[in-house]
């Protein structure tokens with residue numbers, strides 16, 4: 001309808017202008033020629049009105065076309081260039097708020113998570129890393145025993161063989177008590193007990209059923225006299241050496257006990 005009304009209005013205005021321009025006024029109406037200026041003003045006002053009407057019609061047609069267009073295309077034309085891409089909302093979202101199930105993989109989620117919040121599958125690796133970061137005194141005995149690898153144990157064994165017998169296990173003695181294992185302490189106590197024992201009595205367990213003593217007097221035929229003499233000689237020689245190493249004040253007490 002607006003497209004039909006527009007040419008009709010134009011024809012009417014042109015015809016009225018031609019009639020006014022070609023019209024011949026009678027001589028008695030010559031005094032009214034001063035009113036021609038008023039007619040010019042009216043024509044100009046009419047032309048302005050027509051222009052305004054045409055502009056309004058054009059705007060209405062544009063609005064109708066935009067309404068008939070699809071919604072995303074219409075919005076993309078009206079939006080700012082930096083705010084377009086409404087068809088792809090993930091580009092406008094924050095990286096941390098995107099759909100995790102479609103765009104982010106499980107590995108990326110583990111990388112972004114905190115160490116204490118990772119899944120159970122990677123718990124062992126994280127536990128080992130945390131154990132390394134802890135203070136040695138706060139670790140458990142099991143963790144301390146697992147820290148010593150097989151290569152370190154072989155190195156300690158070779159080192160103990162190459163060292164002087166009196167200087168073995170020096171590394172264990174200088175360690176902190178919390179870092180020593182209970183097996184090491186038992187080995188050290190056994191070694192110290194062997195040092196304090198008499199030379200002839202070492203490596204003999206009197207409680208064992210196989211132990212029969214140096215010689216059984218009731219079984220004189222089975223007893224080896226040579227071995228008995230050697231044991232007695234070693235015993236007396238060892239006692240003499242220990243007597244020399246003892247303090248003079250301690251010898252008298254031992255001699256009194258022997259005399260009694």
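Note that Cβ sites are derived from N, Cα and C of the backbone, with glycine treated the same way.
Range with Swiss-Prot annotation region 'Disordered', chosen from 31-71, 72-112, is 72-112. Feature region 'Disordered', per Swiss-Prot, maps to range 238-260 of the set 169-191, 238-260.
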